[in-house]
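Novice: So that we are looking at the same thing, I have put the structure below in structure tokens.
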Amino acid sequence: MSLDADHRRRLEHASGLVRFLLPFSAAWALLSLFLGAYVSALGATIASLGFVFAILFERRIPSLWLRSIWLLTTDLGMFLATIATHPDSYTAFLLVFRATIPISVFSPKEPRLLRWGLVMTPILIWFATWWVGFQVLADFEIGEDLAQRFFAPLTGISVFAILLFEFAYYDRLRQSQVADLEAAKRASDQANASKDRFLRSLTHDMRTPLHTITGYTDMLVDAAHAGEPVPADVVQARSTHVLAASHELLDMIDRGISLAALSGEGFDVKPETVRVQALMADLLQELAPRCEAAGLTLENRLPDDLSLVADPAYLAVALRQLIENALKFCPRGGTIWVEAGAEAKVGFVEIAVCDDGPGFPIGREDRAFDPFERLGHAMGEISGSGVGLSLVRAQIEAMAGHVGIDASYGDGARVWIRLPVVTA
């Protein structure tokens with residue numbers, strides 16, 4: 001459990017605790033008034049006001065000071081109640097249990113000196129009153145008989161109630177930690193399973209370009225050993241296949257290395273104003289031959305004046321990956337297009353890569369961005385490393401943007417990118 005989560009839970013516990021203690025302090029004040037113990041009633045009233053103050057100003061005053069205030073007012077109230085009642089009321093025991101509260105309502109990242117000071121305050125009060133025999137006032141407002149009949153039972157009920165509340169808190173905390181550990185284990189198991197699938201698929205996918213490289217290279221070497229003349233156009237064709245397979249293999253390796261780098265320093269982003277139309281023109285020129293060879297149409301539907309803030313190199317890589325992903329899944333005769341979102345989040349510009357292919361499996365859109373995930377579809381498994389969309393998400397988020405899949409899109413797939421607008 002992270003420190004932030006632990007801190008939030010302690011604040012929630014403190015908020016619940018003051019609401020739990022308020023009825024007990026109010027009951028103590030009413031009983032004291034009924035028996036004519038005005039100093040004791042004053043102490044219980046001060047403690048009650050501290051709880052009410054904490055509830056009313058929960059969102060208005062820094063929580064560190066708010067918790068300190070109601071703990072100190074509780075100390076003052078308990079001190080007055082202790083010196084006003086006979087020791088047989090066992091009121092002093094409340095100070096001992098009060099000393100344990102800062103441990104549960106303050107997190108380790110908060111000032112240690114303050115935390116332990118609030119632990120020691122009721123202990124010092126108890127020790128000082130014990131040292132003088134609890135006889136600070138000339139006479140006890142509540143004598144031995146009333147203390148035993150009324151206040152001792154109320155003290156016992158209060159102590160056991162506080163104990164039950166604290167035990168319930170720690171039990172909930174234990175259950176929450178167990179749930180967090182189980183969730184972390186499931187996530188780890190899923191990640192390990194995904195990595196295993198990734199390694200198996202990568203091994204399989206690497207064989208195709210490797211076979212291409214070794215096959216055409218063997219043909220060229222065999223021809224050279226045999227002394228057979230090889231026409232220049234044949235050499236060029238075979239060399240082109242070898243070069244294309246080498247680039248495909250290098251791309252697989254680069255993606256794996258890039259994804260591994262995410263757990264390290266991440267990306268060195270250099271944001272600037274990007275004219276998206278110019279960037280898309282270069283991408284279209286680069287990817288058009290591949291789309292044409294696959295029997296697909298690639299269209300640019302972006303407005304000419306579209307600008308945003310991004311690292312142009314990373315934006316180009318992300319858009320290229322989304323188009324290549326659509327190219328893999330879109331059937332022959334289909335269309336891939338890039339458009340601007342009609343409605344984007346305030347302060348952001350939306351760009352979407354769309355296609356009229358089979359789309360993403362319903363209900364599994366979010367998993368498409370998980371590392372090593374390869375989602376199948378109606379047309380069968382598609383080769384790939386399973387890291388492309390993970391890299392897209394990492395790159396876009398590194399540029400203070402967002403990426404997602406439009407689950408409500410009709411026929412095909414629509415993957416959107418949102419990046420900050422250009423400000424004056």
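Every residue gets a Cβ built from N, Cα and C, even glycine.
Among the features that TrEMBL reports, domain 'Histidine kinase' is placed at 201-423. Under the heading transmembrane segment, TrEMBL lists 37-57, 64-84, 90-106, 118-138, 150-170.
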Novice: So which residues does the transmembrane segment (37-57) touch in its own chain, when a touch means Cβ under 8 Å and the partner is 6 or more beyond its ends?
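Specialist: Distal contacts: 14-15, 18-19, 21-22, 25-26, 28-29, 66-67, 69-74, 76-81, 83-85, 137, 141-142.
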Novice: I need to check the long-range neighbours of the transmembrane segment (64-84): which residues 6 or more away from its ends have a CB within less than 8 Å of a CB in the stretch?
Specialist: 14, 18, 21, 25, 28, 32, 37, 39-40, 42-51, 53-54, 57-58, 91-92, 94-95, 98, 101-102, 105-106, 110-111, 114, 118, 121-122, 125-126, 129, 134, 136-137, 140-142
Novice: Along the domain 'Histidine kinase' (201-423), what average pLDDT does this model show?
Specialist: 80
